[in-house]
Amino acid sequence: MAEEEPRIGVYVCHCGVNIAGVVDVKEVAEFAKTLKNVVVARDYKYVCSDPGQEIIQRDIEKYDLNRVVVAACSPRLHEPTFRRCVEEAGLNPYCFEMANIREHCSWVHMDDPARATEKAKDLVRMAVAKARLLESLETIKVDVTDRALVIGGGVSGIQAALDLADMGFEVILVEKEPSIGGRMAQLDKTFPTNDCSICILAPKMVDVSKHPNIKMYTYAEVVEVDGYVGNFTVKIEKKPRYVDEDACTGCGACAEVCPIEVPNEFDEGLGMRKAIYKPFPQAVPSVFTIDEEHCIRCGLCEEVCDADAIDFDQEPEIVEEEVGAIICAIGYDTCDPTEREEYGYGVYDNVITSIELERLINASGPTGGKVVRPSDGKKPKRIAFIQCVGSRDPHRTNPYCSNVCCMYAMKLAQLIREKYPETQIDIYYMDVRAFGKGYEEYYERSQKQYGIRFIRGRPAEIVEDPETKNLIVRAEDTLLGDVVEREYDLVVLSVGMVPRDSADVIQEVLSISRSPDGFFMEAHPKLRPVDTAIDGIFLAGACQGPKDIPSSVAQGSAAAARAATALAAGEVAVEPIVSEVDEEICGGCGTCVELCPYGAIELVEKDGKLVAEVTAALCKGCGTCAAACPSGAMEQNHFKTEQLYKQIEGAFRDPA
């Protein structure tokens, strides 16, 4: 294609008035006709429309065009549209070039139409200069392993695994903790229906364990991922439980005789568990785990285990799995409230977090569902909730809203009022964000039916009465314009969501990006909300950002659907705009290997010397290697050095 005489068609889009309201599009089209190798140039109101595309296709046939340039909006928006358009007319889709005269001209130079028009001409001249050297490229096809990996066994990961398994794909589910279930397993009820949380979750957990297409690794972590979309090799480290999962019946005799008690993490340290334990009654798998750090190896559990399931000889084990797609659903942590020193968490016994209250009010919690003060075990008569602890605080903690705190505070307040109607409850808030289906009605019900008082103002300080252990909350009521000071028996901090501690490791293992707030970054917030920048790796649930249970479940299903798109096809198409190596001049220095952000390049030995080799399925065409190569051995398809030089020359003059 590059050797034949270029015959170029140029099409200038009005984009309604987005471009034509500033840029003189007719003048730009007339200018394009003067450029070498341009056979036809037109302007049209909406080139991306069906009639606009038909004009291009007719011209390709009529004028025997072998290159097409469209001057319009961002390539991110309509480049795929026009590539498909020219391909349908028999032209290679990579013999198309786009000049962005909307974002780069009309939108940024609205106050200077004349200069915007001249700049548009420059961009068209540059695009035509590059188009003369465009080459036909062929899409790369990659075979797909029709299995998926789901990292994280919370409700979002569970939903993703079940959806994929129900579609007929084999799923590998990896959970870091001894049981799947995640945060939802800790909750008592779910808003806005106040349904029993575990009653909803437990059947899905059982479905995962029983599904013939799901292989579950609990108490395990993904430690290494190699490969690319359709062909990932995953290494999983199984931590030793010191209990044979296949032999254990979950009877609990071992825990009954174990002499060691330690704070129970599942109950947020409010209750105790044994050194051999099951996280919660509905745990899946329903087997016990020995806490190596606290076990004293007394042997009592071995003596009473009729199933002979205790195995102190277990060691960490690495297993390897081949998958075609990966869904990351590792969930979230709650923020550390000690960062807000003025609230006294960790100093005052009766200042607790919302997740601690969840465990107190839960019938399977450390108090059997009784809400009591940690200081003396008495039932609190006056309770204050403080919102936005760790959220919407750009100077001290996190700038973002955690989405769920307003709603779960109302839920907990309602549950307390149902159990103890005489309890007085105040919620100190900045703004109530009741955005979901049925949430506004839930908010109104909290006030009118349950008598919960909402005080608009962020408390400045909490102090403790040393004799009664009661807490005095000082805040400004911004609606009344008064400073209020009220005494409470218990203060609950509504803590926000933060990224998991393990997010650093997962980011490195998967080579995915994180947004400034620390959560994993999606490829596009609107158009590709569950994709990552790495093909074949998807996001689900709160690891991508704070969200409630319905949104997490929906995103789990969305991620499963996106993964299934690749798995079901049997092969995936990889864009050929990738780097290639001229092995004759490659010196094997490894600069490209070190700089490639996608791990797409490695050094291999060929004919007795080291040369770089690009895995096309991993390459994203970013051009880092081509820019850094000291010998000029790296060239990126569609952005080759000569093409870019001609484009640069075109910025100043017609290089022809």
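FYI, residue positions are counted from 1 along the chain as it appears here.
Just so you know, glycine gets a Cβ as well, placed from its N, Cα and C.
Just one of CYS258, CYS328, CYS335 is listed by Swiss-Prot for the same [4Fe-4S] cluster 2 site as CYS295, CYS298, CYS301, and that one is CYS258. Residues CYS248, CYS251, CYS254 are recorded by Swiss-Prot as [4Fe-4S] cluster 1 binders, and the candidate that the same record lists for that site, out of CYS199, CYS305, is CYS305.
Going by what Swiss-Prot states, the [4Fe-4S] cluster 3 site holds CYS586, CYS589, CYS592, and the candidate of CYS406, CYS543, CYS629 recorded there is CYS629. Apart from the site residues CYS258, CYS295, CYS298, CYS301, the chain places the Cβ of CYS254, VAL257, PRO259, ILE260, LYS274, ALA275, ILE276, ILE290, ILE296, ARG297, GLY299, LEU300 no farther than 8 Å from the centroid of the site's Cβ atoms, the recorded [4Fe-4S] cluster 2 location.
Shown in sequence order, VAL150, GLY153, GLY157, ILE158, ALA161, ILE180, VAL208, ILE214, LYS215, MET216, TYR217 are the residues of the chain, 6+ apart in sequence, with a C-beta less than 8 angstroms from the C-beta of LEU173 (FAD binding site). Across the domain '4Fe-4S ferredoxin-type 4' (610-639), DSSP helix (H, G, I), strand (E, B) and coil residues number 5 helix, 8 strand, 17 coil.
Nearest Cα neighbour of CYS251 ([4Fe-4S] cluster 1 binding site) among the listed binding-site residues (GLU170, CYS258, CYS298): CYS258.
Between the CA atoms of CYS619 ([4Fe-4S] cluster 4 binding site) and LEU164 (FAD binding site) there is a gap of 27 Å, rounded to the nearest whole number. The Cα atom of CYS625 ([4Fe-4S] cluster 4 binding site) lies nearest to that of MET167, taking the binding-site residues MET167, CYS248, CYS298, CYS305 as the candidates. According to DSSP, CYS258 ([4Fe-4S] cluster 2 binding site) sits in a coil region rather than a helix or strand.
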